[in-house]
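Annotation comment: TrEMBL describes 4-142, 148-243 as domain 'Thioredoxin'. Annotation source TrEMBL lists signal peptide at 1-18.
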Amino acid sequence: MVLSFITDFIVLVGLSYALYDGNRDVIQLTESNFKNKVLKSDEIWIVEFFAPWCGHCQKLVPEYMKLANALKGIFKVGAVDMTQYHSVGAQYNVQGFPTIKIFGANKKTRGMKPFKNHRNKVIEGPRTAQAMADSLINELRKTVNAKLGISSSSKSRGANDKKSSGKYVIELTDNNFEEMVLHSKDIWLVEFFAPWCGHCKALKPHWEMAASELAGKVKVGALDATVHQAMASRFGIKGFPTI
């Protein structure tokens, strides 16, 4: 009886460490590091609140690790063991496992006061790497729109009210594309355009504004596909603008 209890205890403790222990892509979050790593960060986080004994949590592990590996350098992926750090999830009313939340880039309150009302979103629906990635991409879109001053009701007005010199848009060519983009560890947004294209001309001020707002976080470039046809052909560019 005693031996059985000890064995069960060891298995339970082992599970706690086995879910993500040793996986560098999934960051283990605790009561001592959650605020600094997640809430004080400008980065977008996806965080799983789990219990090691939970069967659904155990089944999620391979998909969550797959997601973390795919999003390396783009989004932060973390996990909180609620059996050890219950207070972290309690403030978000976590009651079931696994609960997965997205913490957007606007987590800070004005003046760096206590973190109240910061935006976080519970992921509903399928718990696959693809579905979770789609939710993160939607959050990124909202974050960029917010920085550009673009509301959901008017996605162009905010950008038109601002001006940008365009100095943040990096000119890409057949000669520098591979070294600057493909060999870089930075995240890039690249527009393939044609100077005669009306849609490209209409996009230009928005593209320049996006480059200005994302400076230091995401590299924004543009390649004239009528001149630098090798790269345009390599990526199968057939219409303009293609991003």
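Positions of Cβ are set from backbone N, Cα and C atoms, glycine also.
When DSSP labels each residue, the domain 'Thioredoxin' (148-243) comes out as 33 helix, 17 strand, 46 coil, counted as helix, strand and coil in that order. Here the domain 'Thioredoxin' (4-142) has a mean pLDDT of 76 out of 100.
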